[in-house]
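TrEMBL has this to say about the protein:
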type	residues	note
BINDING	A:ARG58, A:THR59, A:ARG108, A:HIS136, A:GLN139, A:GLY265, A:PRO266	carbamoyl phosphate binding site
BINDING	A:LYS86, A:ARG169, A:ARG224	L-aspartate binding site
DOMAIN	A:6-149	domain 'Aspartate/ornithine carbamoyltransferase carbamoyl-P binding'
DOMAIN	A:155-303	domain 'Aspartate/ornithine carbamoyltransferase Asp/Orn-binding'
Amino acid sequence: MQLSTKHLLGIRDLVPNDIQIILDTAAQFKEVLQRPIKKVPSLRDVTIVNLFYENSTRTRISFELAEKRLSADTINFTASGSSVKKGETLLDTVNNILSMKVDLVVMRHSASGAPHFLAKHIPAAIVNAGDGINEHPTQALLDAFSIREKLGTLQGKKIALLGDIMHSRVALSNIYLLKKMGAEVMVAGPPTLIPKYMQQAFDVHVEYDLKTALEWCDVANVLRIQLERQNQVLFSSLREYNLQYGVKRSLLDNLNKEIVIMHPGPINRGVELDSDVADSKQSIILQQVENGVAVRMAVLYLLAGGKTIQN
Amino acid sequence: MKVLIKKAKINDPASPFHNSTKDILVENGIIRAIDSSITEPADEVVDIPNLSVSPGWMDVFAHFCDPGIEHKETLATGAAAAAAGGFTTVMVLPNTKPVIDTKSQVEYIVRASERLPAQILPIGAITRKTEGKELAEMYDMHASGAAAFSDGLHPMQSSGILLKGLQYVKAFDGVILQLPDDESIAAHGLVNEGIISTRLGLPGKPSIAEELIVSRDIQLAKYTDSRVHFTGISTPKSVALIKEAKEHGVKVTCSVAPYHLALCDEDLMQYDTNLKVNPPLRTREDMEALRVAVAEGVIDCIATHHLPQDYDAKVLEFEYAKDGMIGLETCYSILRTYLPQLQEERIVELLSVNPRKIFDQPVSINVDQKASLTLYQPDEQYTFAQKNIASKCNNTPFIGKAFVGKVAGTVYGKKLSLNQ
């Protein structure tokens with residue numbers, strides 16, 4: 001079992017077989033995580049640096065936990081309170097860290113393409129933990145894992161990505177992955193938050209009406225309004241956003257089916273998702289988080305050229 | 001100082017020697033003789049096989065970064081890059097530190113270029129500090145040698161100020177250059193908005209940001225009956241608007257950058273920062289339409305958009321990398337390689353005849369004229385390499401590219417520059 005790529009820069013670069021391998025490996029790790037002793041020695045003597053140039057809670061903890069469960073040595077780095085504040089370039093920072101013999105780099109960065117840039121200049125394997133508005137591949141993998149767990153397959157399923165598509169790296173990675181695995185994809189949200197060439201670029205359905213999207217889909221993956229990434233006014237107010245595009249109990253109750261609700265977190269409660277939906281039994285949001293650790297273990301394990309998963 | 005050029009095919013529609021192969025003798029910067037065979041001894045003899053010669057080429061939009069940003073380029077290295085690319089006259093951007101917005105700034109460049117192997121003509125700023133607010137002293141700058149006016153890399157946004165600027169330069173029949181870009185549209189855009197930008201997760205900049213300004217400025221040129229030159233035209237719609245305006249007698253002309261003829265957004269898949277330019281690389285269809293417009297004559301000239309960026313400005317995250325590509329050294333080879341259908345005469349029109357007509361810098365290959373000559377080999381094949389770059393910076397994606405058509409050198413006044 002080997003991936004066709006040395007890095008995980010994005011789902012864009014993966015072939016369906018890679019995705020299959022990662023999801024299957026993740027299933028094995030999920031089983032490991034149910035045991036009383038959750039730690040395996042697979043990445044003993046592998047050193048991983050978690051480079052977070054942008055804030056993160058979930059992803060960072062999830063990666064760190066995955067690394068620890070695999071017995072890797074980890075170093076954490078955040079841009080605030082580091083040499084970045086003193087003006088050091090990304091390449092210098094990484095080369096300095098690598099000179100201390102680091103094998104793998106997990107990086108989150110606010111600029112699209114930053115991990116691709118790094119991959120051209122450093123020898124270590126890179127896992128993209130989110131770059132700008134481009135990709136967040138491990139999120140898409142854990143979303144796919146969670147859908148597969150819930151519905152048995154991705155093939156032929158109808159997945160709607162709702163909300164801020166334009167600023168969402170989760171959306172792009174999900175689209176790449178779901179299309180590669182044979183699912184049908186719709187993006188829905190206000191026209192100002194959906195890139196103009198979405199349909200031509202990905203052959204996905206584009207919808208501006210939330211109710212229509214919910215009626216169409218099997219799974220609604222509700223995306224976070226990226227308040228921190230809005231550098232211009234793209235909608236009038238959070239109140240109006242919630243009225244038009246917030247996923248509400250009443251909307252779901254009027255559907256003649258039960259759809260699965262997902263969210264990559266962190267949730268803006270009362271904006272894109274109401275609490276009585278987020279916390280309902282239709283929601284698999286916390287399972288997504290749980291699966292995140294197993295999926296990230298699989299990715300790190302496969303990229304580190306892992307030996308067999310030991311008991 | 002005598003320079004003798006042997007057996008060169010003269011390509012100058014304005015010269016009585018057009019289309020004939022002659023020897024040319026230049027003495028102390030003046031063309032002394034043009035004849036079938038000149039045997040007079042000379043200090044330098046240029047004898048290169050399959051050589052063509054045309055009136056010196058002129059670039060209308062290059063950044064030499066001097067004064068103030070000399071770690072990227074200086075007037076001296078810029079002039080060397082110009083000579084290497086076959087240009088004897090270059091109009092340089094006002095976006096220096098300080099901005100070229102006064103007589104003394106203009107004079108600094110004019111004077112410094114006197115000893116260089118290419119003529120450097122400053123483009124004066126339209127507004128003080130290129131802030132787009134108050135008109136700069138354009139009469140004074142014109143009298144000191146500014147060849148045209150533009151806010152350069154900060155295209156004029158205000159219709160009102162541009163209108164006044166266009167009226168103001170009418171007094172001396174001046175030309176205003178505009179890099180058309182409506183900065184209020186997709187201010188954070190990094191590449192052309194389209195299928196590729198969507199797939200790459202990079203913020204897009206739509207064509208309409210360019211086309212709106214082209215459309216607006218045509219109206220302003222018409223209203224003021226003044227002259228506008230658009231540079232960096234990159235979409236078929238812009239071309240169509242300009243074509244229509246010309247047909248209606250509006251005084252507009254335009255130029256394109258070589259990279260818009262050679263590259264498109266599909267080349268961006270690896271986030272190569274050397275391909276980050278403004279206006280951005282457009283779609284393949286746009287690129288192909290632009291090639292047709294160049295061949296058919298709607299495009300008046302080629303502007304290299306030579307924009308040097310040092311290593312540290314390009315070797316970093318795509319979003320943070322600076323815009324631009326060096327363009328003087330590769331311009332001719334790009335035209336020959338990517339537009340092989342262009343006749344030699346059309347290339348000379350694009351690189352010399354038209355820009356010299358628009359900006360009133362005539363030269364001619366004739367006896368007793370000041371020497372401004374470009375020497376080139378239309379069919380020479382070579383691989384573009386580091387050693388072909390004379391600029392201070394190497395920000396070009398063409399290193400390693402196999403080219404057809406090579407510049408042999410230039411004669412500008414008393415200065416002979418020959419490439420390896």
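For all residues, glycine too, the Cβ spot is worked out from N, Cα and C.
Location within the structure of each feature annotated in TrEMBL.
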| residue | record | Cβ neighbours (10 Å) |
| --- | --- | --- |
| A:ARG58 | carbamoyl phosphate binding site | 14 |
| A:THR59 | carbamoyl phosphate binding site | 24 |
| A:LYS86 | L-aspartate binding site | 6 |
| A:ARG108 | carbamoyl phosphate binding site | 26 |
| A:HIS136 | carbamoyl phosphate binding site | 28 |
| A:GLN139 | carbamoyl phosphate binding site | 29 |
| A:ARG169 | L-aspartate binding site | 27 |
| A:ARG224 | L-aspartate binding site | 21 |
| A:GLY265 | carbamoyl phosphate binding site | 17 |
| A:PRO266 | carbamoyl phosphate binding site | 10 |
Using C-alpha positions only, work out which of the binding-site residues A:ARG58, A:ARG108, A:HIS136, A:PRO266 is nearest to A:ARG169 (L-aspartate binding site). A:HIS136
Remaining residues near the recorded carbamoyl phosphate site, that is with C-beta within 8 Å of the centroid of the site residues A:ARG58, A:THR59, A:ARG108, A:HIS136, A:GLN139, A:GLY265, A:PRO266: A:SER56, A:THR57, A:SER62, A:ALA129, A:GLY130, A:VAL170, A:PRO264
Euclidean distance between Cα atoms of A:ARG224 (L-aspartate binding site) and A:GLY265 (carbamoyl phosphate binding site), Å: 7
Note the mean pLDDT of the domain 'Aspartate/ornithine carbamoyltransferase carbamoyl-P binding' (A:6-149), expressed as a whole number. 93
Counting by DSSP, what is the helix, strand and coil composition of the domain 'Aspartate/ornithine carbamoyltransferase carbamoyl-P binding' (A:6-149)? 67 helix, 27 strand, 50 coil
Interface-proximal binding-site residues, chain B, C-beta separation under 8 A, candidates A:HIS136, A:ARG169, A:GLY265: A:ARG169
Recorded carbamoyl phosphate site residues A:ARG58, A:THR59, A:ARG108, A:HIS136, A:GLN139, A:GLY265, A:PRO266, farthest C-alpha pair in Å: 16
Distance [Cα-Cα, Å, rounded] between A:GLN139 (carbamoyl phosphate binding site) and A:ARG224 (L-aspartate binding site): 13
Spatially speaking, which of the binding-site residues A:ARG58, A:ARG108, A:HIS136 is closest to A:LYS86 (L-aspartate binding site)? Use C-alpha to C-alpha, please. A:ARG108
